[in-house]
Amino acid sequence: EDYEVTPDEKRKSRGEQIIKTFLSKQSPQRVDIAEVFAERCRENLELSPCKEIFSECRKAAHEYLSGAPFADYQNSMYFDRFLQWKMLERQPITKDTFRQYRVLGKGGFGEVCACQVRATGKMYACKKLEKKRIKKRKGESMALNEKQILEKVNSRFVVSLAYAYETKDALCLVLTIMNGGDLKFHIYNMGTPGFEKDRVQFYAAQICCGLEHLHRESIVYRDLKPENILLDDNGHIRISDLGLAIKVPDGENIRGRVGTVGYMAPEVINNEKYAMSPDWWGLGCLVYEMTAGRLPFRARKERVKREEVERRVQEEEEEYNDKFTEDAKAICRMLLTKDPKQRLGCNVDRAVGVKAHSFFKNINFKRMEAGIVEPPFVPDPRAVYCKDVLDIEQFSTVKGVNLDQTDNDFYSKFATGSVSIPWQNEMIETECFRDLNVFGPQGTRPPDLDCNQPPEPPRRSLLDRIFRRHHPEVSISNSRVQSSSVNSVDSMSNSAP
C-alpha cells in the first residue's frame, strides 16, 4: 500500500527500497516467497513502475498466511483476545450507551442530534426515525433499506453506520458526525457562489470515489445534490442520506422516478429502466453547480415549475460561462449527456473512465483513497455550519397511529447493535484498544486469558455499568475465556473520559 500511494515521480525509487528490504537474499527482513516472484518484480520495476508490480507477491503472501500460520493463530492467546473483542462488540446497545446533545437538523422521519458514546467519548450524529411517523407514511421498507445499505458500505467517502438501536418511540441510526456543513451551504453562503477549480476537483474526486464504492456493492444512490454532501472537521467529504439508494440485482436494471428536481437524469424523469447511470448525471450536475454557483437547468432562486425544469433537462443544452476551464466543460458535457448509453461512467470502464478524464489529471486517486491528500479548504473549528436550534422547525405530534406486534418484528430487524468495522475503528481511535491489548511479561499469556485460573470478581467499572445496568441477564462467565471480557471492560474503562 505504501508503494501504491507513492507519487508517480518517486514510485520507482520506493519500489527499489521495498525490493532491497523484503526481497533481497541478503536482507534480514527478507520475506520467504518464490524467487520467481522477486525476479519478476525487479523486471517489471525496470520496465514500468506501475502500481500493480507487487500484486503477485501480495497474493503469494496471502496464500501462505492463510495456511499453517492462520491455524497457529487460532490456537494462540491472540485469538482468545480477538474473541474478547467480539464479545464486547456484541454487547446490547441502548439509549443509555450515549449522551445526547443538541439538534443538528431534520431528517424525513425525525431529528438528527449530536451524541457521544459514554464509554469512549467518541462523537457521532444520531438520526432518529420516529416509529409512529414511519408507520403513518408506510416507510418501514425505506428505513430498513437505508440501514442495511449503510451497514454494508465501508467507505471513507460515505457516512458510516456505527450503531443501530431502538427506544420506546424511535429507531436510531448512529452515524459519522460531519461538523463542516454541507456543500450547499459552502457554495452559496461563503462569498461569491461557487468554488475555485481546486476545490471543485477535490470534492468531485471524493464523490467519484464514494460512488465507485457504492456501485461496487451494486448500489445506485439516486439523490446526488449539494445538501447530501457533508464536510468533516478536516475538509474531507462524505455522501450522506441513503434513503433513496437501492441495490440493483446483478445483470438487471430497475425503474423508479425518484430524486430531487433539477438533479434527476432524463431516464429517471422518463421513468425508463436504468442501473448506475443517474449517479453520473448527478455528478455532472454537482461539478457544474460547484463551478457556476447555479444548477445547469435552473438559475439560482428562479421560480419555475417542476414540469418546466424537467422539460429543460430533457430538451435543452446547458450553457457555460467563463468560470469553466476547457476540462471542466468537457467533463460536464460528458456527464450531462442525455443518452445514458453515451454518458461518461456508463460504459465498461465505469468509475475508472471518469477518474481517467483530464479534469482529474492532478488527482492521485490512490492517495485520495488512502486519505492522505490534503483538502484545499479546512472548516473553521470556531464556526457553526448548521442552523441555530431555534431555526430548526419542530416535528408535529403523530396522532391516530398505534403500534402492534407486527411493528416489533420489524424493529428487531432494525435494532442490531454495533457495526463491526466502525466499532473497531472507534476502539482504536479512542485508544481503548491500546489499554485492553496487554499481555504478560515477555509475551506470556495474561491471567484474564488463562482458562485454568478462576475468574476474578468484576469491578463496577464505567463500561460494566453501561453494558450491564439494563441487561442483567447478560452473562459471559461461561465463555471460552471465562471472565476475560469483564476484566477487559475494566481495563478499557481506565481510558474512558
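Positions of Cβ are set from backbone N, Cα and C atoms, glycine also.
Around the Cβ of Asp223 (active site, proton acceptor), the number of neighbouring Cβ atoms within 10 Å comes to 22. Taken from TrEMBL, the feature active site, proton acceptor covers Asp223.
TrEMBL lists Lys136 with the feature ATP binding site. The DSSP secondary structure for Lys136 (ATP binding site) is helix.
Below 8 angstroms of C-beta separation, residues 188, 193-194, 197, 261-262, 264-266, 269-270, 288, 291-293, 332, 336, 338 of the same chain, each at least six residues beyond the ends of the coiled coil (299-326), sit close to that stretch. Feature annotation from TrEMBL assigns coiled coil to 299-326.
Sequence annotations record features per position, and here TrEMBL assigns domain 'RGS' to 1-83. The DSSP breakdown of the domain 'RGS' (1-83), given as helix, strand and coil counts, is 54 helix, 0 strand, 29 coil.
For 98-360, the entry in TrEMBL reads domain 'Protein kinase'.
The domain 'AGC-kinase C-terminal' annotation in TrEMBL covers 361-426.
The annotation region 'Disordered' is assigned in TrEMBL to 474-497.
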Overall pLDDT of the domain 'Protein kinase' (98-360), taken as the mean:
94
Which three-state DSSP class does Asp223 (active site, proton acceptor) fall into?
coil
I need the CA-to-CA distance for Lys136 (ATP binding site) versus Asp223 (active site, proton acceptor), whole Å please.
23
